[in-house]
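Trainee: What TrEMBL records for this protein is below:
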- B:6-23: transmembrane segment (TRANSMEM)
- B:30-59: transmembrane segment (TRANSMEM)
- B:79-101: transmembrane segment (TRANSMEM)
- B:129-184: domain 'Peptidase M48' (DOMAIN)
- B:237-256: region 'Disordered' (REGION)
- B:237-254: compositional bias 'Low complexity' (COMPBIAS)
- B:283-300: transmembrane segment (TRANSMEM)
Amino acid sequence: MSETSPAARRPAGELEASVLAALWAAAGPLTPAEVQGELGGRLARTTVTTILSRLHDKGAVSRTRAGRGFAYSPIHDSAGLTARRMRSELDKQDDRTTALARFVSELTSEDEQLLRSLLDEADAPGAAGGPLPGSGTTP
Amino acid sequence: MIIAVWLPLVMPLLAVPTARRLAESLPPRAAAWLLACCAATLAACTAAALGLLAAAGALRLPPVAAFGHLERALPGTDAAVTVPAAPVAGALLACCAVAVARRALRHRAELRAARRTADAHGLAGDLCVLPDAEPDAYALPGRPGRVVVTAGMLRALPPAEREALFAHERAHLVGRHHLFLLTAALAGACHPLLRGLRAPLAYALERWADESAAARVGDRQLTARAIGRAALAARTHAAAAPRPGTAPAATSGPVPRRVAALLRPDRPADRPRGRLLPVGRRLIAAALLACVAFSAAGAVDAAADLHQTVETAQGEQPGR
């Protein structure tokens, strides 16, 4: 029981989600090894390969030959445009909160300053995870 | 009846601020349940009071009286108030019913639109990625529930923080948080004062999901960073294409409060009034309980009163 890592015991659907998210977040196609690295090595390479080919079978990702294996990228489908139109329809309805709980709500300028100071304070010992977006570090 | 029936209509004046204050000092899960139950109870009492007022007036109309087998006109000295109040109460009740129905239909339409959007895209597990540059993420309830994320959001977060985001959205789905939000929205349609419960409820639900996510990924600071980074990324994006209608708020918004609560659970810097002492919390809880109890008792008392009045008018001996 205790031999399996916490990552491996997660439901298959959650693993697929993590792998697809890594592909979307990447700038270009990723090989299984790169996906494994992206996910912090929590999954075995064979697991990642299996998940990627399953996603390919489902039509969620496309693949191209890369050396001896494949490199995978998410499919930017033509339905994207339709989706965007629907999304803007959703946005028009003034308060979406009734139906959908969004991850983050909009920030005011005061919120932004407060948030940055909170995170900077928490970060002081050994910053991890890269710089925050839009930090005032433009040269 | 004349006094009791008005209690549920005015009680939200007291109960809503009391509930908000109590919710601030409770853990998020308890706060969400408290606010949702308060909203539902107070809304039900409001509807009952309006219904009773309208019924008392309607029974004075000859056709309705005949239908109710009343042998004589309703007794009571309060006719001067009850008669003019009845049509107003009836109209208000009808407005409530329409507002509730419209709210429920809109809720369904919103979910349908969101679902259509999600269906247009490939799914992996419970994840649906929208090929959109604007960072956004939400939980889409249904069977099965889905986590909808834009490509912009995925690119804004490092892998570990993406897991925190997914855990947060999955907590919304598992906890069926959309039902809490729907309850509050419908209650707000019944009584305008109850709309004041919606914002604290939404906040409590976000905190609930944040705490679940932090427990799931095992790192409060990571979860806090994910929330902060996502909000800042959304803001940076919004700054490029400004949205109308974002007025600056006087107090700190929900996102910094959520981040602060995750980073320093013992030191809620966001609350100017600080955490309540146990005694204060108990007092406020007692006050809220009294408010809700009075509201419910008012409705029940008025109903019993009307029932007795009607029986008297039907020619039965009172008290049997």
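Here the Cβ of each residue, glycine as well, is placed from N, Cα and C on the backbone.
TrEMBL annotations: computationally assigned, not manually curated.
In terms of burial and nearby residues, how do these features look in this structure?
Mentor: Same-chain residues lying 6+ beyond the ends of the transmembrane segment (B:30-59) with a Cβ under 8 Å from its Cβ atoms: 1, 5-9, 11-12, 15-16, 19-20, 22-24, 65, 68, 70, 74, 82-83, 85-87, 89-90, 92-93, 96, 177, 180, 183-184, 186-188, 190-191, 194, 197-198, 200-201, 204-205, 207-208, 288, 292, 295-296, 298-299, 302-303, 306, 309-310, 313.
Non-local neighbours of the transmembrane segment (B:79-101) in the same chain are 2, 46-47, 49-51, 53-54, 56-58, 60, 186, 189-191; each lies 6+ residues outside the stretch with a CB under 8 Å from one of its CB atoms.
Per-class residue totals from DSSP over the domain 'Peptidase M48' (B:129-184), listed helix then strand then coil: 30 helix, 11 strand, 15 coil.
Tertiary neighbourhood of the transmembrane segment (B:283-300): same-chain residues 4-8, 11, 14-15, 18-19, 21-22, 25, 38, 41-42, 45, 48-49, 52, 276, selected by CB-CB distance under 8 Å and a gap of 6+ residues from either end.
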Trainee: Looking only at the domain 'Peptidase M48' (B:129-184), what is the mean pLDDT?
Mentor: 89
